[in-house]
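Okay, structure first, notes after.
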């Protein structure tokens, strides 16, 4: 007969066989399966469902999937928590895979559709088969007690023998192989005969089970239900020859507990749980819970330690080999090793590395672990908002597991690893609790000797662990948590540092990853300079590494296409590979302007310039603030406005300007939120310039908080702001006098190219920033 051919997306099912006329729901979580669902929704909602041969296989191939399945129609989709989708489908017809079509995202197959042949009601033989099938299924249902009266009503209404067989098959609890055999029976008579054999076998099994139950029941008191269940299980195990498995498992746990050097409290708890396991039985639900608990207890490294490398010279070599700069971090680790040599009982420091993205906070932690010869484990805290993520869930909850601290210790396989808590500033809190509160105990050297996980309910000693946390900003870290950590600022890199990093680390790394030699791809100094200055604008080197990788890949492509053995990459080639230049750091205007001042900002991503513009208009004395300014910045602007109004005469400004002049302060890049007090002196300078008609020197940048009395207060991020001024081509920076101590932290290469002016009063700022203003004017 001619078969209809269809091309449909395919989903391989695990442990499920779907028959025609069967309505069923199941969950889909694999990426390929979700993509196939999305394609089916665009294609008349039809999809081909078949079963994979091994349910444990995560990514089955063509040979791992049965060729016969069911053409289904998607009735409903429901998104579940996480990445899972719940699907309701109805089976339509059988189908058989003819061939697989090419598709990267999911399986697409060409299939033959097999519709049941038209029922010949005059066939006495087929009618006899149908009656026998209904009779046997009725007996099976009575023995097992699984079918409802509604099902029998439905079966009586079915006049198609193929559909009848499929409905009955879908209600039987059968092994996957048997269900697949029935599905592959395209001939209705053959299908019914297979079902009759299967149902007959199931009836015999049910009767044997009843005999076993009766045999056990005679041995016990009818009121002891729990005892009855255990005895029944024992008899079943006797029939299967498995009566010794429980005993072997208990003996195995006893042996493990004796061999493991567990602390006294832990050993006592493990033995107590083992007694409970004996009573509950391995196959009970409680037995599974106890078994999982014992596995966790025995797999934790209670007394396993790695030996610290106390060779300071070797440790220094490892740190220098992996990272350039980051001297504060390296010095702190070397200090720890030096003291550790003298005092064996010294606890590990709890460090917090704070700095912009891409400066090496996470990777230096890995290098520290290598330098100390400690196991390394990383835990990302970004987005964590449930306290149970840290402390675990109590065992009373279904599916309870330990928290991520205990899980990390299990991964580390030693009780003195280097434990990295990444992105500690990105945690959140909700009605489930605040994870920061749980970390208070973890990061407190006085308390973490007895850290208690809710799942284990045992004291876990974390005092030997060296904790390192990372953050982009300290502002969102709760003060009590911050107080428990030693903060080390990791600043952004200067041009010279980036150049060295590209030459020594990034280029060799990319060449090695792409299996190419330095003789084949040569990158000139000008090319490196162009990459740093014109294609990246960051404090770290993460984006810079991506650009270097892109250049290497395009150079390899050139070599293959042009059939050449080597490529020399200069600045022109970089522009050819990466397109037009994205940035230019020498971007300040070379003209002095009215009411436009370059401020300096410090964000979680490093330092940047912050231009402030002021426009004066005829009006009624309104002060307009734009540029997505935060509350603190708005208050700083109002304080500056009040100062200018109170001191108008000193700066040659009309006395009554606040009555007939409107002032508009704007900070460009209006889509970017801005906040903080450090733009106070910048806004005052811009207002005085615009009102007094005195231009601002183009090559000056400034930062500082302003008070109503005209004092200039200290600010943070001096190094990052100085780097931003240097990148922008500015040669003079005005800082608060109280920030003089921070200038020492600025690299000498930058310090030598910037002129720092320290101001205590706003007058000192104005006389250095405005053209034609000196001490005599004020």
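Here, residue 1 is simply the first one shown, and the rest follow in order.
Cβ coordinates are placed from backbone N, Cα and C, and glycine is handled just like the others.
Look at TrEMBL and you will find 678 (among others) tagged as active site. Neighbour list (residue 678 (active site), Cβ cut-off 8 Å, at least 6 residues apart, same chain): 599, 600, 601, 602, 703, 704, 705, 715, 716.
The feature active site is assigned by TrEMBL to 721 (among others). Long-range Cβ proximity for residue 721 (active site), meaning a same-chain Cβ under 8 A and a gap of 6 or more residues, is found for 600, 601, 602, 607, 701, 703, 733.
Annotated ATP binding site per TrEMBL: 355, 356, 357, 358, 359, 360, 361, 362, in sequence order. Cβ contacts within 10 Å of residue 358 (ATP binding site), excluding its own Cβ and spanning all protein chains shown: 21.
The annotation domain 'Lon N-terminal' is assigned in TrEMBL to 8-203.
The domain 'Lon proteolytic' annotation in TrEMBL covers 591-772. Summed and averaged per residue, pLDDT over the domain 'Lon proteolytic' (591-772) gives 87.
When Cβ neighbours within 10 Å are tallied across all protein chains shown, the highest count among the binding-site residues 355, 357 belongs to 355. Highlighted in sequence order, 353, 470, 472, 490, 539, 540, 542 have their Cβ within 8 Å of the centre of the Cβ atoms of 355, 356, 357, 358, 359, 360, 361, 362, the residues recorded for ATP, and are not part of that set. Other Cβ atoms within 10 Å of the Cβ of residue 360 (ATP binding site), summed over all protein chains shown, number 24.
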